[in-house]
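Heads up: the structure comes next, in structure tokens.
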């Protein structure tokens with residue numbers, strides 16, 4: 001297994017929080033910690049007249065969020081690699097902090113391609 005990928009749809013969120021770039025930066029940072037991930041970099045952008053996009057680069061992969069305050073909606077993506085991370089905890093934190101009244105969470109495992117797994121098991125093979 002490479003890691004776990006969670007796709008989170010948040011509905012009927014607190015509209016003011018969806019448009020608050022500083023709040024979202026803090027919330028994403030805490031979500032990464034709750035997942036047991038290591039935050040390497042965080043970039044956010046606030047759009048006019050409203051909406052924020054945030055991307056957290058993690059040592060283990062990423063967290064992204066795109067908000068539409070006018071409809072109370074946020075699209076969240078959390079992908080973490082390794083057995084020590086818990087992306088669902090990041091999703092739960094984001095859901096709770098944004099006060100989502102409704103949500104949909106889909107998660108699935110990312111698998112190691114067979115050819116890569118074979119190279120990892122064969123020490124004498126070197127990548128080209």
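Placed from the backbone N, Cα and C atoms, the Cβ positions cover glycine too.
Taken from Swiss-Prot as is:
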ACT_SITE  61  active site, schiff-base intermediate with substrate
ACT_SITE  66  active site, proton acceptor
ACT_SITE  81  active site, proton donor
MOD_RES   61  pyruvic acid (Ser)
Next on the checklist: Give me the count of other Cβ atoms within 10 A of the Cβ belonging to the residue listed as 'active site, proton donor'.
Outcome noted: 18
Checklist outcome for this item: Should one count Cβ atoms within 10 Å of each candidate's Cβ, the active-site residues 61, 66 would be headed by 61
